[in-house]
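Working notes for the structure below.
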Amino acid sequence: MNSNRPISTIQVMAVIVSTIIGIGILSIPRYMAEAGDSGAPLVTASGVPVAFLGCWFTAAVCRKFPNETLFVFSRRLLGTGLADIFSIFISLFFAFSAGITMRQFGEVCIAVVFKKTPIEAVILLMLVLVALSIRRNIVKFTYVHVFYLPFILLSVIAIALVAMKNVDVLNLLPLTGNHTTFSSFSKGTITSAGLYQGTFVIILLVPLMKKPQQILKAGTVALCIIGFIYVMIVWVTLGMFGAQETKLLSYPTLEAARSISIGAGLLERFDALFIIIWVVSIFTSIFTNYYLAAYSLQQVLRHKDHRLISSFLLPFIITFSLFPRNIFQVYSFASITAIIGLIFLTFYPLLLWLVSLIRNKGAISHE
């Protein structure tokens, strides 16, 4: 085993899955029901191929430069100045994304768990925890995700399986939805695809992979796993409540967890278990966004490591999280951020890939 490449393909898959399963898991049934009515599961699944485009372009260009991160080889492809501008945008995007995700987390916490706690306290506590956690190298960053992923996956799947006994199949008919238009379906597809932008984390992992040529395989399998989980969650929630009621619920997945139990009083608080696992999934999502923001800015500034940068970014991320005035603006900002991320994180890797082909740069690794 090459000690300079300690990260396996399975660990890369774990990082991607752990990153993407986050804040969206609570509200995705409502968004998909608004877009596709009873066809919400189909709308959810349609976002995976769109998200795969960005993953494919990112993986393709990273495979051509298996010994460097995107921030390094982009300078040779685009020139130092232009590449640094894009890297600054990446840092700003992920810092803002971390802030908005943190605000969504805070809104849910004060609405469901800490009803008398100021939202600023919830946000500050979590962000300080994340800021301390990202002061590690990429290998330890990977291990954090690998450690938490089994708890997240097993718990979510277990809750979904238990909830299936309450599903009414009639709520899922017709499969294509009632009066679903191409416009609403397309909007739902974009919303669904925007949830998968965490695949961009592979730019950090490829130089440390034992088999960097398997990065596309890792990304594809991870997207399939997450897509299956999201479709299952939407299917179960819609089957329990129906499309019309799902549209009225702020957090349909949480309500579904509250509605299920095992046995006669054996286990009745699935919502408590779900909240615990959800908090862990939020931590891993913000962990990755914050890490990408700090690492990309560190590369722009040519600093020796990202630890000082992470402390520098903390007040900015807190400011971003408190920028929306109310919960309506929070979700408006979140939607806009997701769309911008989907576009930029698809077309920037595409640009790099095309330039590498035109200039015939890059060397395929056969490790």
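Including glycine, each Cβ sits where the backbone N, Cα and C put it.
The transmembrane segment annotation in TrEMBL covers 12-33 (among others).
The list of residues near the transmembrane segment (39-61) in space but at least 6 beyond its ends in sequence, with Cβ under 8 angstroms from a Cβ of it, reads 28-29, 32-33, 70, 73, 172, 174-177, 180, 185, 188-197, 199-200, 202-203, 215-216, 219-220, 223-224, 227, 230-231, 234-235, 238, 243, 246, 342, 345-346, 349-350, 352-353, 356, 362. According to TrEMBL, the feature transmembrane segment maps to 39-61 (among others).
Within its own chain, the transmembrane segment (82-105) has Cβ neighbours under 8 Å at 22-23, 71, 74-75, 119, 122-123, 126-127, 130, 279, 282, 285-286, 289-290, 292-294, 296-297, 299-300, 313, 316-324, 330-331, 333-334, 337, 340-341, 344, 348, counting only residues six or more beyond its boundaries. What TrEMBL lists as transmembrane segment is 82-105 (among others).
According to TrEMBL, the feature transmembrane segment maps to 117-134 (among others).
Counting same-chain residues at least six beyond the ends of the transmembrane segment (146-164), those with a Cβ under 8 angstroms from any Cβ of the stretch are 11, 14-15, 17-18, 21, 25, 225, 229, 232-233, 236-237, 239-240, 256-257, 259-260, 262, 270, 273-274, 277, 280-281, 283-284. Annotation source TrEMBL lists transmembrane segment at 146-164 (among others).
According to TrEMBL, the feature transmembrane segment maps to 184-208 (among others).
Packing against the transmembrane segment (220-243) from elsewhere in the chain are residues 12-13, 16-17, 20-21, 24-25, 28-29, 32-33, 37-38, 40-41, 44-45, 47-48, 51-52, 55, 153, 156-157, 160, 163-164, 166-169, 171-172, 177-178, 192, 195-196, 199, 249, 252-253, 255-256, 259: each is 6 or more residues past its ends and has a CB under 8 Å from a CB in it. The transmembrane segment annotation in TrEMBL covers 220-243 (among others).
Counting only same-chain residues 6+ beyond the ends of the transmembrane segment (272-294), those with a CB under 8 A from a CB of the stretch are 15, 18-23, 25-26, 90-95, 97-98, 101-102, 105, 112-113, 126-127, 129-131, 133-134, 141, 144-145, 148-149, 151-152, 155-156, 159, 198, 200-201, 204, 253-254, 257, 306, 309-310, 313, 317. According to TrEMBL, the feature transmembrane segment maps to 272-294 (among others).
Among residues of the same chain six or more beyond the transmembrane segment (306-324), those with a C-beta under 8 A of the stretch's C-beta atoms are 95-96, 98-100, 102-103, 106, 120, 123-124, 127-128, 131, 134-135, 290-291, 293-295, 297-298, 330, 332-333. Among the features that TrEMBL reports, transmembrane segment is placed at 306-324 (among others).
According to TrEMBL, the feature transmembrane segment maps to 330-355 (among others).
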Contacting positions for the transmembrane segment (330-355) when only residues 6+ beyond its ends and CB under 8 Å are counted: 23, 27, 50-51, 53-54, 57-58, 60-61, 64, 70, 73-74, 77-78, 86, 89-90, 93, 96-97, 100-101, 103-104, 107, 190-191, 193-195, 197, 200, 323-324, 361
